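Encoded as structure tokens, the structure appears first; notes follow it.
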Amino acid sequence: MVTRVLIDHRQGGRHEAGVRHPEKQHRPDNPSQPKPSWIRVKAPNHPVYHQTQALMRENRLTTVCEEAACPNIGECWSQRHATMMIMGDTCTRACSFCNVKTGLPHALDGDEPARVADAVARLGLRHVVITSVDRDDLNDGGAAHIAAVIKAVRLAAPETTIEVLTPDFLRKPGAAETVAEARPDVFNHNLETVPRLYPAIRPGARYFQSLRLLDQVKRLDPSIFTKSGLMVGLGEDRAEIAQVMDDLRIAEVDFITLGQYLQPTPKHAAVDRFVTPDEFSDYASMARSKGFLMVSSSPLTRSSYHADADFAALRAARMEQQQRIA
């Protein structure tokens with residue numbers, strides 16, 4: 001993954017760092033640290049990668065894999081796993097960790113649910129992850145559109161399980177109910193970091209609003225798996241991670257992911273340190289001890305990384321838990 005010049009997978013060209021983030025241009029550059037050996041990934045060059053890319057273009061779909069410059073894009077797309085990002089490619093927030101473009105979004109595309117559903121069916125996905133930009137400009141934060149996508153995928157690919165990774169719907173009453181009523185198999189909302197770092201890393205969000213959202217969805221429909229993720233390496237400490245895990249368990253969140261923060265450009269938040277694989281293993285043990293049904297913790301873990309296999313394991317873990325209780 002490069003820092004000063006980013007590969008634009010959508011156009012096959014390049015763009016200078018910062019063009020996507022005009023609100024960050026007044027900031028001084030943050031130095032980029034050399035990545036350790038356990039972070040390095042191969043450049044995407046598999047035939048199936050290009051087939052997946054072509055299908056995304058044909059259906060005019062945006063993916064978070066590209067927009068967020070995910071390091072796992074080569075591996076995932078080579079297995080026909082792509083996380084579709086709905087409601088446009090422009091976010092109304094300006095988080096200091098995120099590579100998604102910031103600005104004034106276009107109106108929602110009413111044909112998008114059908115195009116997403118078509119792509120899911122043609123890829124033959126057993127499990128699909130659908131995420132979105134924040135849409136603070138919409139009265140419901142885009143909740144009805146997310147629900148429409150879920151319903152369209154159910155019709156086109158009834159055997160496919162659906163995971164949604166949503167915004168926080170800050171000050172959008174009724175949004176959680178709208179999404180929960182569409183009954184995704186997994187409702188994911190990432191806390192991203194520890195509460196102390198929110199003003200610097202996630203300034204447009206509120207930690208306890210994100211927790212309330214996860215708790216609310218679980219209360220609305222306990223059959224929906226809930227999931228949340230954290231980036232580490234931003235300056236948090238072990239005790240803070242433990243507290244976030246406790247908060248998530250109080251909200252009855254089933255699945256936690258932990259991965260290394262990687263700096264997209266010099267204008268984004270700097271990496272405080274690279275967390276070692278052994279530390280990720282320690283975090284995984286800690287999370288399991290606190291009662292999470294499923295834990296994914298590694299340097300390259302992202303919300304949708306290995307989501308298909310993880311969902312199967314998550315469902316099996318719930319069945320085992322229910323059998324023990326019975």
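Quick reminder: no glycine exception, Cβ is built from N, Cα and C everywhere.
Look at Swiss-Prot and you will find C65, C70, C76, S304 tagged as [4Fe-4S] cluster 1 binding site. When secondary structure is read from DSSP and collapsed to three states, S304 ([4Fe-4S] cluster 1 binding site) falls in the coil class.
Here Swiss-Prot flags C91, C95, C98 as [4Fe-4S] cluster 2 binding site, drawing on sequence analysis. The DSSP secondary structure for C95 ([4Fe-4S] cluster 2 binding site) is coil.
Marked as compositional bias 'Basic and acidic residues' by Swiss-Prot: 1-29.
The region 'Disordered' feature in Swiss-Prot is assigned to 1-37.
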Non-site residues, in chain order, whose CB comes within 8 A of the mean position of the CB atoms of C91, C95, C98 at [4Fe-4S] cluster 2: R93, A94, F97, N99, V100, T102, V133, D134
Pop the Cα-Cα gap between S304 ([4Fe-4S] cluster 1 binding site) and C95 ([4Fe-4S] cluster 2 binding site) into the table, whole Å please. 19
Compute the C-alpha separation of C98 ([4Fe-4S] cluster 2 binding site) from S304 ([4Fe-4S] cluster 1 binding site), stating it in Å without decimals. 16
